[in-house]
Amino acid sequence: MATSHGVLRSLDNAKTQSYHYLAIVIAGMGFFTDAYDLFCITAVTKLIGRLYYSDPTNHSPGILPTNVNNAITGVALCGTLAGQLFFGWLGDKLGRKKVYGITLTTMVGFALLSGLSFGSTPKTVVTSLCFFRFWLGFGIGGDYPLSAVIMSEYANQKTRGSFIAAVFAMQGVGILVAGGVAMFVSKLFLLYFPAPDFETDAVLSTQPEGDFVWRIVLMFGAVPAALTYYWRMKMPETARYTALVEGDHKKAVEDMAKVLDRNILSEESNTRIAIRPLESHSYGLFSSEFLNRHGLHLLGTTSTWFLLDIAFYSLQLTQKDIYPTSGLVYKASKMNAIEEVFQLSRAMFAVALIATVPGYWCTVFLIEKIGRFRIQLIGFLVMSVCMWFLGHNYRSFRGEESACKNGSKYSFCNGNPVMFAILFGLTLFFANFGPNSTTFIVPAELFPARLRSTCHGISAAAGKSGAIVGAFGVQSYIGNSHDKSKGTKQAIMALAVVNLLGFFFTFLVPETQGRSLEEISGEEKDFQGNNADEEISGERNGTRNASVDKSPETSMV
């Protein structure tokens, strides 16, 4: 029987097998749902505003009040933060597998309920929607640490970064599909329920059938994740958790034998090292030992993720406001309610296809060649430069309202929407081929097995607190500015400074490329020291540790 050290070596040295790809799909579908549910709301908030907050005395389409808009877009992020902390801790206490199914069930259930938000008044509809989206976010939050840690503990040493990045890249696919589904559903409804634009007829421009559009869009995200529920439940516990945390080395071997090539396990089983992790490194999260070993690491992962998400979510959640002013979408009064969803989602889809998704997959293919550290540094730096130019030249890129002729479909004219789109696209590309991916990957590698999920959850929660700053703080600042153009310019330039801070905080995070998880976390030294002490003790007593003396074929811990 292979020892637990042999199992860990087997995992690190295993060739890429079909099960690795299956694990990517299973974990990745959770992230597909995560991204879809968090970002599809951007495509439909303006529709909800037209449906529930229209004012007949106002000569412009209905919009969500700033506080309501912030609540709808930000409440899921609050739930996500809570879920990351809770399920991250629970994943270390109960095991990755036991908790994994709970997060998926929560996501699927509350994604469906979000589309069934009920009430006869705007207040009750929005309240029920926010309630369901908070708990949707709670489930999404649990998927962050669990998916990252499961993939890192299953993966081999050579391609671990690419595998974790591939799981996270499904976030990009989720953003793309969110735009695609909203575009398809709105186009379908436009064909069957045409209506004049707002300027032609303010009342008829808001089709009552639009109430089905936003509900269908919100509910669709549950479908792909639900299809993977069976396989998620069939996944065995990771060998690293079973061996290093539970101390059940025999079961770790049996579990991995089910999913990995048995020949690989037998080839690696001739090690004679038996590890006793619970005795050799029992320091806790709040101990001075953890602070000495990993305090700066945790500061680095939390600070960089926090700073990144301020900028990333500010851009993603304000797309609905940025696109019309940049000339990528018609002004609201020149569209009916469902057409506005189509225009916004088409812009979202195009930007995701050209900039967002390629950034994720560049990380997948290049992370093991360039390394996490360099990708994160380059990403933060390019984001900072692009956003500085975008903010500094915002008015010239946007154009002027006075330059538009009567009957123009655009809010601003004589700007430079092409240059705006290029800089905006580059920012998103280098966010994803940069810190948005690496801040997810590195916390799943840096910390010891029994604290790995907790520390990833803490890092991710720090990121979501940054996202909340973006969703509530940045959006409120722009929304409450007397001169929205000036407010947007100042906000974008401030985000450039935030990215620059992320660049410098990256130096707190070490490179993890090309090393085993046990070497990175320091567990390997603990194992070696523990076994050396046991061997010396055995020699003093005239005997040697049984797990060292026995032949590999009969050694069992």
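Yeah, the Cβs are placed from backbone N, Cα and C, and that goes for glycine too.
Per Swiss-Prot, the feature topological domain 'Cytoplasmic' maps to 1-20, 92-98, 152-162, 232-294, 436-457, 512-557. Taken from Swiss-Prot, the feature transmembrane segment applies to 21-41, 71-91, 99-119, 131-151, 163-183, 211-231, 295-315, 347-367, 370-390, 415-435, 458-478, 491-511, supported by sequence analysis. Look at Swiss-Prot and you will find 42-70, 120-130, 184-210, 316-346, 391-414, 479-490 tagged as topological domain 'Extracellular'. Residues annotated as N-linked glycosylation site in Swiss-Prot, with sequence analysis given as evidence: ASN406. Swiss-Prot lists 519-557 with the feature region 'Disordered'. According to Swiss-Prot, the compositional bias 'Polar residues' annotation covers 543-557.
Most Cβ pairs within less than 8 Å of the transmembrane segment (458-478), among stretches 21-41, 211-231, 295-315, 370-390, 415-435, belong to 295-315. Long-range neighbours of ASN406 (N-linked glycosylation site) (same chain, six or more residues apart, CB within less than 8 Å of its CB): none. In this chain, the transmembrane segment (295-315) lies apart from the transmembrane segment (163-183): fewer than three C-beta pairs between them fall below 8 angstroms, excluding pairs fewer than 6 positions apart. Scored by C-beta pairs under 8 angstroms, the transmembrane segment (415-435) has its highest count with 347-367, from the stretches 21-41, 163-183, 211-231, 347-367. Residue counts for the topological domain 'Extracellular' (120-130) under DSSP, split into helix (H, G, I), strand (E, B) and coil, are 9 helix, 0 strand, 2 coil. DSSP assigns ASN406 (N-linked glycosylation site) to coil in the three-state reduction, placing it in neither a helix nor a strand. Counting residues of the topological domain 'Cytoplasmic' (92-98) by DSSP class, helix then strand then coil, yields 5 helix, 0 strand, 2 coil. Within its own chain, the topological domain 'Extracellular' (316-346) has Cβ neighbours under 8 Å at 39, 42-47, 50-51, 60-61, 73-74, 175, 178-180, 182-183, 186-187, 189-190, 193, 195-199, 204-207, 209-210, 213-214, 397-399, 408-413, 415, 417, 420-421, 424, 470-471, 474-475, 478, 485, 488, counting only residues six or more beyond its boundaries. Sequence-distant contacts of the topological domain 'Cytoplasmic' (92-98) (same chain, at least 6 residues past either end, Cβ-Cβ under 8 Å): 146, 149-150, 153, 235-238, 241-242, 245-246, 450-454.
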